[in-house]
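TrEMBL has this to say about the protein:
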- A:22-42: transmembrane segment (TRANSMEM)
- A:63-96: transmembrane segment (TRANSMEM)
- A:102-126: transmembrane segment (TRANSMEM)
- A:147-166: transmembrane segment (TRANSMEM)
- A:172-194: transmembrane segment (TRANSMEM)
- A:223-243: transmembrane segment (TRANSMEM)
- A:272-293: transmembrane segment (TRANSMEM)
- A:305-323: transmembrane segment (TRANSMEM)
């Protein structure tokens, strides 16, 4: 073959300076470390074993929802229904295992299957009915699920769950909450799923270019249904943890939790345009939100003000990312 | 240094580096009013960087730019527009939902005086009509929705917009690469009109025939240097290419002829989107079959139907005499068919994913281990092998596909299909927008495929490439195959006759 040397303007990207690479790869982590350092200086209660475990426990529900949310966002979609799906899952678990007195194992299964079932429905609405964007299908199921959760229990909470159901959300191994260990296990599984399995890689492909993915023989609809089913399943699992923590299921549980989950994914460096985002980034995003809430509590900042700060952090985090990308595109 | 007054534009000693990478190493370019000045160079020679400096998108590191004899400062795109420099990019900058005149006046709408700044629709329409007429277009276009127009007319609207801005210099970046033959003709006329009005045109193109036809002078760039500026009419295109690649290119079409084998691929009565009736053809081992025709003749649709890319259609497909059932691209790939699509970025690549993943995307199951996990090391090795084999530059599998030039992106797409070990390769406009050197590499690869016992079909709108590389030519017109010519009988004239259906 001929020996034409083709140079591109972007050849430089491969000799990117190491510091810059480090910054872009560990940006969210650096943010978390900085935030923690500042809080350590401001409050002597922050850096204690007790408080760290507290943060770990507080982060779990959002961490579970966020890792589920990562998948739709990787495919350039979104799942607005997770908060409501969490509620309907725990209400049915309550009906089965408290009101009807059935085995807690059945209750747990109902909870997880309800979550996965609604997720599957989201996938079907998107791929078979061809609704134009998952924002719409999941906005619909968000209201449907919340409505059913209110109807079936006449808006009343259900309390008094068996120990087995409460275990995940309540117990500790030494000082470490079981729920946080669960998060670690789930995240490791997701990491392997997304980086080392065919379906996981296809998720990135679909987010990057759905038409190229389809013409490369990828069954796009099937992958999308899996994506939304998993997102729903994680909402059910988050519900299980929540019930253990508060020993009660109530129909307004998880109200607007989808927004914190989206925030965690985005702070963790995922792109709304799809195809870009990592499991560990999402974990750090969830931890940043938890640390921020905890720190502001320690500093006696009111809940209203906390919302304002978290809003600002979301914008700042994404803006830093935008700046970084603009820079790398120019060079 | 004093600029020559007869030059509209004079760029002197322009240098530009990105980090340590010197892209422009001191380029001179002068453009006179009313001339078509062609820029020729391989991908990566510095054409786009030079243009971006001229349009204010990039800042030069060194050198001077004179405009009408005066030293000019070009810091932003607005500076360029103010001077009278307009650019028609390959990817059009238009808004399909808006009307033509609204597109022409986008961002600088005319307003009625003293009436709470309401838009002056009438004045804008009038002016838009005037500009369209200057290009030899019907003034009625002005009131139509832009999205309803063909791509060629949309491009003319962009040129009309440049006229409305009173541009004195229009840069056209491969303007004909996605136009049909008729639209190309229209654009050529329009360029003549602009010339006659004293407007200068900087024309970037890889198509030698059109350069010969339209160009007044040609400047050849290589590796960030200006090699030479020559008059177009009195110099030989072969010489331009020699200057451009820095050596003599042995041959533009490295055609090899192989002994003809038995029939390996047959399509029987396949339904094609938009076609009046079913289509049939067959291909034998040892031959490259070209599918010629005008844009819109149904060639891509035929390929998509074979590949199962559109909802299922009737018809039978045989490979080695055995029927294969194809309902989806997956079925086609499993049957051993590869479809190298025309639109690399839209249908071929994952621009923000690394090369290794792009290359194995269509055959990931090959890398699935017993544990159901994928073999990342195996993927890297396989990708590395293809990158080396196809000479992809830069040869770094950790780069994202976005960072490669067009020719190299095309090689990555081809690698993706080689990786599926397909038996039948359908290339749709495989050399569009890539430079001469990369083209020859693609042709050589087709030869290689035939040697290795693959079936090769090439859809192309470039007649020279069809005539230069194929053994047999199918011509399509309005969804039908109107001619099936052995290469000895295929002349430009016969193909065009069959393609236009006369």
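First residue shown is number 1, and so on along the chain.
Each Cβ is built from the backbone N, Cα and C atoms, and glycine gets one as well.
Those TrEMBL annotations? Automatic predictions, nothing curated.
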Any chance you could find the range in A:22-42, A:102-126, A:172-194, A:223-243, A:305-323 with the most Cβ pairs under 8 Å to the transmembrane segment (A:63-96)?
A:223-243
Check for me, if you would, whether the transmembrane segment (A:102-126) reaches the transmembrane segment (A:272-293) - at least 3 Cβ pairs under 8 Å, residues 6 or more apart in sequence.
no
For the transmembrane segment (A:22-42): best-contacting stretch of A:147-166, A:223-243, A:272-293, A:305-323, by Cβ pairs under 8 Å:
A:272-293
Could you give the residue numbers and ranges of same-chain residues that sit at least 6 residues beyond the transmembrane segment (A:272-293) on either side and whose C-beta is under 8 angstroms from one of its C-beta atoms?
28-29, 31-32, 35-36, 39, 55-56, 58-59, 62-63, 66-67, 70, 73-77, 183, 187, 190-191, 194, 204-209, 260, 263-266, 306, 309-310, 313, 317
